[in-house]
């Protein structure tokens, strides 16, 4: 680990510790006051603050893990962040459902907010905490993705380390977005308290549950993307920006020496790390290294920087009749579990 990366990680850990203390303290105060004053919008915001606490803990754990060497796991714990994001998203959906039910109950049996002045003070303090957090993590709002090109298979280890660093920066950016969303929630709570405190509008009892539903909708919209993306990555689905058939055709058009491509698999390790494996058929070994270099350039153009290419060679045209099948067959006892069962 280079000094620059280590220094940045230490700074991020200090920021996360400070923000975690502030966020947890405010969340407990906000939740207590919300239930005591029957302000559902304040309770909603406290649950959203709870999601911020979870995201801060996840970011903290990911950075601590990434600072250690893990010889047992070849990719380290690169997907710990993704798993944590999925847990966070599911937890948020469950919380939103409970808040939704509570808000509906308030529509049928409306209750006045007790001590709206206290609610306003608590929400104002929360907004100050969120603004402080935005300044604390403002370096995470605009992160340029850096793509280190691995020219040989030996460079892939270095490539993965660089991409883990970028993933750490993306983690901090996620914290920034969480705090920004919570700042918006604090503004909604302040608006609800002001209406209850300074107006005599006959429908003001319905403002609090209405704003709570609006806040739930905002949380669900932001959570859906997190839930969908983390699930797709853990399921190792094809990246959305890649079309396998178009990629195969591009390789064969630009590299005539490649006779056929099969067993092409592309998946995501993390949000910004794409990995590909492929079997290629060519006539001789003399130009293989040149072919690999050209193929890697094409993969790099599609943001795939970790690749494993298995060559298969044909000596005469007789073997070209089944170019879509592996020329290196699997062992008979393994065929039911490998590509050869096709």
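Glycine too: its Cβ is placed from the backbone N, Cα and C atoms.
Taken from TrEMBL, the feature domain 'Cation efflux protein transmembrane' applies to 17-235.
Sequence annotations record features per position, and here TrEMBL assigns domain 'Cation efflux protein cytoplasmic' to 240-312.
Within the chain carrying the transmembrane segment (20-40), a Cβ under 8 angstroms from the stretch's Cβ atoms is held by residues 46-47, 49-50, 52-53, 56-57, 60, 99, 102-103, 106, 111-116, 118-119, 122-123, 125-126, 129, 132-133, 189, 192-193, 208-209, 212, all 6 or more beyond its ends. Annotated transmembrane segment per TrEMBL: 20-40 (among others), in sequence order.
Feature annotation from TrEMBL assigns transmembrane segment to 46-65 (among others).
TrEMBL lists 86-106 (among others) with the feature transmembrane segment. Sequence-distant contacts of the transmembrane segment (86-106) (same chain, six or more residues past either end, CB-CB distance under 8 Å): 40, 43-44, 47, 50-51, 54-55, 58, 206, 208-209, 212-213, 216, 219-220, 223, 226-227, 230-231, 234.
Within the chain carrying the transmembrane segment (118-137), a Cβ under 8 angstroms from the stretch's Cβ atoms is held by residues 15, 18-19, 22-23, 26, 29-30, 33-34, 37, 39, 42, 45, 49, 172, 175-176, 179-180, 182-183, 186-187, 189-190, 192-194, 196-197, all 6 or more beyond its ends. Feature annotation from TrEMBL assigns transmembrane segment to 118-137 (among others).
The transmembrane segment annotation in TrEMBL covers 175-198 (among others).
The transmembrane segment feature in TrEMBL is assigned to 210-227 (among others).
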Subject >> Contact set, same chain, for the transmembrane segment (175-198): CB under 8 Å, 6 or more residues outside the stretch >> reply: 16, 19, 39, 41-42, 44-45, 48-49, 51-52, 55-56, 59, 112-113, 116-117, 119-120, 123-124, 126-127, 130-131, 133-134, 137-138, 140-141, 204, 207-208, 211, 214-215, 218-219, 222
Original post:
the transmembrane segment (210-227): which same-chain residues, six or more beyond its ends, come within Cβ distance under 8 Å?
Top reply: 40-41, 43-45, 48, 51, 85-86, 88-90, 92-93, 96, 99-100, 102-103, 106, 177, 181, 184-185, 188-189, 191-192
